[in-house]
Amino acid sequence: MGFQKILKKMKAKEKEMRILILGLDNAGKTTVLKHLNNEDTTTISPTLGFNIKTILYGDYKLNMWDVGGQKSLRSYWKNYFESTDGIVWVVDSVDARRLDDCCRELHFLIEEERLVGASVLILANKADLPGAASLEQIRERLELDRITTHHWKIVRVSAMTGENVVPAISWLVNDISQRIFTF
Amino acid sequence: MIHIPDTILKRKDQREGELQKKHDNQPSQAEVFRETFREKEAEIEVLLASIEKTTDKLDLADMFDRISKSINQLNKYLASSSIFLIAYDIKISKSAIQSLQDRSVELENKYLPRKRFTFKNRRDMKPARDKNTEIDRHVEVEKIVTNPNAFSVSDKTDVTLFIDHEDIKNKDVTLSRLVNCVVFIHGSPNTLHLITLESCRIVSGPVVTSVLVEDSRNGSFAFPCQQLRVHNTKSTDFHIHVTTRAIIEDTSGVRFGPYRYSYDNLDAHYEGSGLDRERNNWDDVDDFNWLVNNKQSPNWTKMPPNDQDSFLEELKPYLKKNKST
């Protein structure tokens with residue numbers, strides 16, 4: 001009886017994924033998380049600290065960590081790196097001025113040894129706004145083709161309207177599951 | 001019935017006795033924890049102390065990495081031991097870890113300042129852009145061609161600008177590198193970026209989403225918005241209506257007051273912006289460099305009402321001039 005319980009627990013644990021949502025301030029990380037959780041997205045303040053939500057997606061339990069992106073909080077990001085399965089990197093497509101900052105911070109993560117093996121989903125957010133940069137422009141400015149050590153994908157989304165968010169996350173979940181749950 | 005030889009039974013008793021003895025002499029789990037914790041803590045202390053003597057950047061990065069790993073390990077050890085520890089032990093250990101972490105961050109900022117890097121990069125970029133705009137001394141407004149939704153004004157000194165709703169409706173407005181300028185935006189932009197402004201007065205109608213203020217000094221700004229982020233700014237007054245919350249970072253000497261400016265179409269623009277006029281959190285400011293609960297940050301204060309009045313008074317001469325021309 002007890003043994004069966006343990007087995008069950010282990011199985012449940014196996015289907016858990018730890019996903020970090022990171023990006024510069026004002027990228028829309030909290031909005032992405034709130035949208036996935038069907039919460040109101042109009043009253044979000046800049047995140048002081050972090051938010052964590054557990055979301056059920058199919059058979060999987062996603063532990064999503066949304067860590068504040070202000071400059072002073074970025075030095076704390078590394079405290080969340082341990083045993084991360086996937087990274088959602090959120091980009092403000094309208095903020096062309098800071099795409100270089102964004103590029104540098106992203107490649108800093110890519111080189112992080114504790115994140116080796118994590119799948120990387122890049123969300124070109126705010127795609128609903130008329131000033132949004134194109135997918136090609138962002139791909140170039142973020143030098144995504146330099147990433148050879150991780151599985152990655154870039155998707156145009158709008159966390160505000162919810163467009164494309166769920167399909168993008170499902171790519172991430174599938175990619176992670178193929179890597180770690182090979183039954 | 002199986003016969004067990006006496007010698008074996010004797011040996012069994014002896015063995016159990018020894019085990020019992022050992023058990024009695026053994027320190028409790030909590031004691032072991034305290035001992036190990038202290039050891040680990042001392043190890044990290046040694047690492048932190050040796051930082052001061054290291055000069056090589058690569059070595060430093062490596063050391064900080066080791067420190068952060070050790071702190072993490074210690075955290076994990078505490079977490080897994082929390083089952084048998086009393087609350088007091090947990091509290092003490094937690095604060096010990098926190099202080100180690102704080103010191104590590106402090107040292108890292110001092111010896112391996114990553115932030116400085118950002119700064120340099122941006123500074124390097126600027127002159128390149130300046131070259132293109134240097135010749136342009138007109139008081140006219142430049143529009144960035146690549147983004148039809150951007151509206152920007154930059155590199156001006158001693159000018160007064162009036163910008164209408166039609167010019168900036170739903171657009172991303174950027175005002176940058178202005179010195180001693182006064183700007184009236186009687187309209188409702190989508191976003192507003194105020195970058196590197198020196199001694200400027202900026203007034204705007206309702207900003208639909210967020211306002212970003214960076215690298216500014218000695219200014220007075222007034223606007224309603226959903227979110228306000230202030231980075232790297234000194235001695236500046238904010239007259240704001242903010243429906244979520246304002247935050248400041250690497251900023252000091254700033255004051256906040258409620259938005260009291262008004263112009264002809266303000267009501268209509270409020271309506272169009274979707275901002276809730278009933279909800280104004282102008283005095284609820286988060287300082288990202290002051291993460292102490294229940295203690296007012298030294299970096300910002302509330303503005304006394306008579307200073308709010310005098311700001312409105314200061315604007316009047318400019319508005320009169322605009323009407324007469």
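In case you wondered, yes, glycine gets a Cβ from its N, Cα and C as well.
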Same GTP site per TrEMBL - residue from A:Gly69, A:Gly86 joining A:Gly23, A:Leu24, A:Asp25, A:Asn26, A:Ala27, A:Gly28, A:Lys29, A:Thr30, A:Asn125, A:Lys126, A:Ala127, A:Asp128: A:Gly69
Rounded to the nearest angstrom, how far is the Cα of A:Thr47 (Mg(2+) binding site) from the Cα of A:Lys29 (GTP binding site)? 9
Which one, from the binding-site residues A:Asp25, A:Asp128, has the smallest tally of other C-beta atoms lying within 10 Å of its C-beta? A:Asp128
Listed in sequence order, the binding-site residues from A:Gly23, A:Lys29, A:Lys126, A:Asp128 whose CB sits under 8 Å of a chain B CB are none
Which whole number of Å gives the largest C-alpha distance between any two of A:Gly23, A:Leu24, A:Asp25, A:Asn26, A:Ala27, A:Gly28, A:Lys29, A:Thr30, A:Gly69, A:Asn125, A:Lys126, A:Ala127, A:Asp128, the residues noted as binding GTP? 22
Of the binding-site residues A:Asp25, A:Ala27, A:Asp128, which one sits closest to A:Thr47 (Mg(2+) binding site) when you measure Cα to Cα? A:Asp25
